[in-house]
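One structure is given below, encoded as structure tokens.
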Amino acid sequence: MKAFINGKIIKEKEILKDYVLVFDETIQKIIPNEEFIYRKNIELIDVKGAYISPGFIDIHIHGSGGSDTMDATMKDLQIISQTLATTGVTSFLPTTMTMNWHSISQALETIRKGKNSKMPGAQILGAHMEGPFISEKYKGAQNPNYILSPNFSLIHDYLDTIKILTLAPEKDKDFSFIKRMKDQKIILSMGHTNSNYEQAKKAINHGISHVTHLFNAMSPMHHRKPGAVGAALESNTTCEFIADTIHVHPALFQLVLNIKGLKKVILITDSMRAGCLQKGIYDLGGQKVIVNEHSARLEDGTLAGSILTMNAALKNILTYTSLSVCEAVRLVSLNPAEKLNIQDKKGSIEINKDADLCIFDENYHILYTVIQGEIIHRNV
């Protein structure tokens, strides 16, 4: 048993000061200091005024620490898992990309194995399958040679592993694929799409409930052609958001929150293998990526994922919006948990929920990361 003392506990709607958080694998007690009775079997950890937050959940992450999901080995998933834990992430969806189908299937097989294993850091909740059912025009940094039309038979064997599937809805002419995936309880996300407003709205009505990195790699919003962006903003979908100030101008951060509401925005990193590493030349799906201090780009200048970390995303959203700390933390914890329907176990600090926690200071540096009660990362 462990207990965090002298911290600011971030609850859904308030911050508790002068409280003790007691936990083992799950959260046992949240009690005022004066009611806490010390026992010898409890390890006391003084966090010295830092924030005690629910662990972050990244639902769109390709790689970090020099490894990528498409490397398709347990060793690489373990490296990503360990690296993410240093940024406050306690669980994640390794995200595939458009490559040859053999490579995608190998990655999904490895994710399945990781999902059913204890990882050394952040735990794997399943896969986010981004492509290959996407638009050629808005492929982003995905390889156009491997783009396919939606095909249920390809993914049938991985329904137990795929949690989110990104596709361009215009590729599914009669929405039969979308309807079938919805029946399988897979979260369908609109992304890398050239759909017009009308097509996007119809797809949403047929089962699209999520939007992959809003604004990026999709038909933009024009006052006469609202496009996929217009449909995403108008609808009840949840929207991923890369808050690195590069993929989306910070002037839009507050606007999106005003339009969508607090519960419909989920911060992601969309990080590639260079996350948490130095600038240099890296690989993404067989393509050369040039990484500097701020961004990752293909040789033609196309953004190739990000090098964002989740604690930096949290800092940025607080810098450029009027959100409180409680509200901002929701975007990286409870919102993704609710989207994945795991809010009974993760996403907020409540008694009997998993003790998935991260502790950060006033500058959003991660001091501790706790996963199911085990201190995985310590930087104090």
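Cβ atoms are placed via backbone N, Cα and C, with glycine included.
These numbers come from a predicted model, not from an experiment.
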* To do: For the Zn(2+) site that TrEMBL lists with GLU130, HIS192, give the additional residue from the candidates HIS206, HIS213.
  => HIS213
* Fill in the CA-CA distance, GLU130 (Zn(2+) binding site) to ASP270 (active site, proton donor/acceptor), as an integer in Å. => 11
* Relative to the Cβ of GLY305 (substrate binding site), which residues of the same chain, six or more apart in sequence, are found under 8 Å away? -> HIS62, ALA141, ASP270, SER271, MET272, LEU284, VAL289, ALA296
* ARG224, HIS247, LEU303 filtered to the binding-site residues whose C-alpha is within 10 Å of HIS213 (Zn(2+) binding site) -> HIS247
* **Segment confidence, the domain 'Amidohydrolase-related' (51-375), expressed as mean pLDDT** => 96
* Hey, how far is LEU303 (substrate binding site) from HIS192 (Zn(2+) binding site), Cα to Cα, in Å? -> 13
